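Only one structure is covered here, and it is reproduced in the block below.
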Amino acid sequence: MREMEDIFNGRFNYPYVFLNDGPFDENFMSMPWSLTKATVKFGQIPQEHWSYPDWIDQEKAREERKKIQDNKVMYGGNESYRHMCRFESGFFYQHPIMQQFEMYWRLEPGIQYLCDINYDPFLYMKQRNIKYGWTIGIYELMSTVPTLWKSVRKFMETHRELIPEHNSLWWVSRDNGTTHNGCHFWSNFEIADLSFYRGEAYSKFFDFLDHEGGFFYERWGDAPVHSIAAAMFLQKEEVHWFEDIGYLHPGWQHCPSGDAWLKNRCTCDASDKDKTITNAGWGKCSHEWKLLPDTPQEIRRPIIKHTYTRISISHYNFVIIAIYMPFFYLVSVVHGPNLLAAKIYSYI
Ligand SMILES: Nc1nc2c(ncn2[C@@H]2O[C@H](COP(=O)(O)OP(=O)(O)O)[C@@H](O)[C@H]2O)c(=O)[nH]1
Ligand SMILES: [Mg+2]
């Protein structure tokens, strides 16, 4: 949060929202006030957004978790991680605090911003009618989503009317929808227009996937769900690669190069092959985005040419949101220092 203030929000003062499945402790809630002048809100997630829907067989879910854990899949045996992924897929934008906001920017523990951001990405998107912004595109661990694409195909067959002809599906499937290549926007960073999630297409899509059960019987992440939805329902011009934003989430970083690196005072090393997403390997997806054909001019959704003064957006229409788990220190003590606990512990 301090970094966010330093590189961007200290000048823009967008409000922060913290959401948690349990109550926040007083100590945690007192911290942000020393870091920001912006409004900070804390919200508890309603139980129905962080629990099993009645069509899920919890015994089967437990057995499947065990199998996935035995196969050493990351977070394979973790039950709360599944609730988190389902919440981030279908409910965060429905939280009562979020109702007043039009757009959001997701923040997570352990991330770093590596360059200054000298303009307002919310307005940048708004002025160009961009619905979804990302920095890192990466391949998925396919063992977490073995049947996701089968479900997506079922949805596509029954909801053709929701899918525009010039979508971005090529980015997630190179064989005309037969298979999923695993490319997804790494959703630990995303700036998006909440109307995308609240609209008919996404709502029906999430509801359909939720009934398929893969959030619990497999380990479907919100990243592939958001990404496939963006690819399916949006045209290329409505999705934007923030190539100029230097960003690190433990594991990978996107480091701008050339003029942007200098101008924005980046601290990262673009040639660091162990961290930087490049045009090869895991990061190939990012660069392949550029190979996606443009939507023909004549059928592009109208690009709204607002000027700053003509759009009546107050700062309070946009929000920076984080979800936080104060109990992970406890987890690390009870279960030993697994990767997740260690990461969260170091953040706390
Ligand atoms: N409140 C709450 N947040 C969680 C829980 N599990 C994960 N999160 C949050 O979900 C986001 C993703 O979790 P993270 O551990 O970073 O997983 P990764 O980025 O997929 O490796 C972070 O914002 C975490 O704080 C949970 O059980 N409760
Ligand atoms: Mg994370």
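Glycine too: its Cβ is placed from the backbone N, Cα and C atoms.
Taken from TrEMBL, the feature active site, nucleophile covers E190. Annotation comment: TrEMBL describes 315-334 as transmembrane segment.
According to DSSP, the residue listed as 'active site, nucleophile' sits in a coil region rather than a helix or strand. Counting only same-chain residues six or more apart in sequence, the Cβ atoms lying under 8 angstroms from the Cβ of the residue listed as 'active site, nucleophile' belong to W105, R106, Y132, G133, W134, H226.
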